[in-house]
Amino acid sequence: MSKVVVFSHPLIDHKMAKIRDKATDTKQFRETVSEIGMLVTYEITRDFETIPKIVETPITTTTAHVLKKPVVIVPILRAGLGMVEGIHNIIPSARIGHVGVYRDEETLEPHEYFAKFPADIADSAVLIVDPMLATGGSASAAITMVKRRGATDIRFVGLVGCPEGVKRLQNEHPDVDIYLAAMDERLNEKGYIVPGLGDCGDRLFGTK
Ligand code: PRP
Ligand code: URA
């Protein structure tokens, strides 16, 4: 069974309050989602393996440590894009794949429409990024898509989750650990997370 980590940090809580607030405008919303993306990455990467590397400092030669595997960030379009800049800021060597999945507004089932990945994704640590884990259908479909390309080291990174989404992801991908900034109560009858933050893609991009 996969691990579920819900971050507990005053700065993350403070910024989550901002993006939950319906009075927060598009610019502030986008900036804050990106900032939270950066903060959670510090914790998600805590168990990444490193390997020794000989480095010449201005003073002497020493053994330093660098990440063992390349990192690939895979945002789920559209809302996942909002977290990419923050994550990329602290892992600038990471490559970025993209997965297009939207959920049908009636059935809530995911539909794939785009996929583009770096060639060596199979040998990389893969971060599947989407702020919202609602039914879990989109995240599960995205994970299946990267597994088809051979990826085995996969983590899901979200901002707001709920028990329904976590349960589905754990059932369908028990090997993928789940990292969230908040675990909310439930889904409403339209498949929105309660209390949640509304439609994340629309709030990021000013649509609707
Ligand atoms: C939203 C969100 C997730 C998905 C979560 O995307 O960004 O990808 O819903 O819901 P699920 O867990 O029930 O699958 P949406 O389909 O609205 O597309 P968008 O990001 O393009 O707005
Ligand atoms: N997608 C969103 O953007 N928000 C939700 O609450 C659920 C799915």
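Any Cβ shown, glycine's included, is placed from N, Cα and C.
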In TrEMBL, R78, R103, D130, P131, M132, L133, A134, T135, G136, G137, S138 are given as binding 5-phospho-alpha-D-ribose 1-diphosphate, so which of D13, D199 is in that site too?
D199
Quick one: give me the count of other CB atoms within 10 A of the CB of S138 (5-phospho-alpha-D-ribose 1-diphosphate binding site).
27
Taking the binding-site residues I193, G198, C200, which residues show a Cβ-atom distance to ligand 1 below 6 Å?
C200
Restricting the comparison to the binding-site residues I193, G198, D199, C200, which residue's C-alpha is spatially nearest the C-alpha of R78 (5-phospho-alpha-D-ribose 1-diphosphate binding site)?
C200
Local Cβ density at M132 (5-phospho-alpha-D-ribose 1-diphosphate binding site) - other Cβ atoms counted within 10 Å:
26
List, in sequence order, the same-chain residues at least six positions removed whose CB sits under 8 Å from that of G198 (uracil binding site)?
K22, Y192
